[in-house]
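Q: I have a structure here, written as structure tokens, and I will follow up with some questions on it.
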Amino acid sequence: MQKGYKMQEIIKTIEKIAVKISEELKYADLGYTDHANSTGDTQLKLDVKSDNIITQEFIGVSSVRSLVSEEKEDALDIHKDGEFIIAYDPLDGSSLVDVNFAVGSIFGVYKNELKPSNLVAAIYCIYGPRLEMVVCEDTPKLYRLDRDGSFKFIKDLSLKEKGKLNATGGTQKGWSGAHRDFIKTLFDEGYRLRYSGAMVSDLHQILLKGGGLFSYPATTDAPNGKLRVTFEVLPFAFIYERAGGATTNGENKSLFEINLEKIHQTTPCFFGSKYEINRLLEFYND
């Protein structure tokens with residue numbers, strides 16, 4: 001089985017997953033379970049259902065060695081001779097489903113070992129008025145589900161040198177002085193606030209609108225950030241950097257310089273056009 005075929009099989013599997021999760025979102029129970037995930041968040045029934053859909057679909061893909069889910073404490077080994085590890089957030093923004101906001105699924109495809117340098121592809125699906133998917137091996141590519149049930153290529157995606165949108169997470173009272181000053185500067189420059197609380201939706205908007213900044217900084221109540229490196233942060237860092245943008249944790253030059261020590265590790269994170277990231281680092285390093 002050739003390398004290209006293996007990756008195509010993974011992508012096609014994610015297409016099937018996206019359609020199934022999209023259908024579940026229309027009709028499924030929005031209630032909570034009696035369980036918490038690895039980071040202590042109470043699991044929605046939709047989180048568990050989405051996780052189960054992903055697991056069942058990937059069990060049939062022999063090139064996948066193991067699955068690493070935000071909803072599971074440990075990796076699930078499925079094919080001992082597989083070469084890829086799929087790390088994923090089955091339903092990012094699931095707490096917003098009850099208000100009918102767009103939510104999504106995030107996938108990072110790692111080769112042989114779960115470390116930043118081994119990430120070879122990133123894919124996310126966004127469940128909104130339309131079902132869309134962004135696939136990135138080299139250049140991010142946008143696909144949309146068509147009437148005939150297939151995903152049609154729409155366009156390559158790229159970021160401008162400077163954007164206009166600002167999506168900033170975290171409770172403001174917990175921000176550092178440097179972050180507060182930086183965000184004020186962006187608004188003084190005319191940036192528009194665009195923040196829904198779903199990472200996929202906010203980063204998708206910035207990517208499709210050509211640029212801006214998404215940030216989830218360290219706060220007093222979450223000094224190591226809240227977003228998870230393997231499932232959320234690195235896949236989007238992979239996409240943004242290949243779209244011509246930049247990423248940082250506020251210290252390193254790139255989010256790919258993070259020392260990954262555990263599956264559910266979190267980090268402060270910033271994604272955007274090069275202008276915004278460079279300006280942020282000026283404030284953070286002052």
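Cβ atoms here come from the backbone N, Cα and C positions, even for glycine.
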Q: Say Swiss-Prot lists Asp89, Asp92 as binding Mg(2+) 2: which of Glu232, Glu241, Glu251, Glu257 is in the same site, per that record?
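A: Between Glu232, Glu241, Glu251, Glu257, Swiss-Prot records just one in the Mg(2+) 2 site with Asp89, Asp92, namely Glu232.
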Q: For the Mg(2+) 1 site that Swiss-Prot assigns to Asp89, Leu91, which of Glu57, Glu70, Glu71, Glu113 is also named?
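A: Checking Glu57, Glu70, Glu71, Glu113 against Swiss-Prot: the Mg(2+) 1 site match is Glu70.
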Q: Can you tell me the CA-to-CA distance separating Leu91 (Mg(2+) 1 binding site) and Lys226 (substrate binding site), as a whole number of Å?
A: 16
Q: Looking only at C-alpha atoms, tell me how far Ser94 (substrate binding site) is from Glu70 (Mg(2+) 1 binding site), rounded to the nearest Å.
A: 12
Q: With DSSP assignments reduced to helix, strand and coil, which class does Leu91 (Mg(2+) 1 binding site) get?
A: strand
Q: Cα distance, Glu232 (Mg(2+) 2 binding site) to Gly93 (substrate binding site), nearest Å?
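A: Given the Cα positions, Gly93 (substrate binding site) is 11 Å from Glu232 (Mg(2+) 2 binding site).
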Q: Would you mind pulling the DSSP three-state label for Glu232 (Mg(2+) 2 binding site)?
A: helix
Q: What does the structure give for the C-alpha distance between Glu70 (Mg(2+) 1 binding site) and Asp92 (Mg(2+) 2 binding site)? Integer Å is fine.
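A: Just about 10 Å between their Cα atoms.
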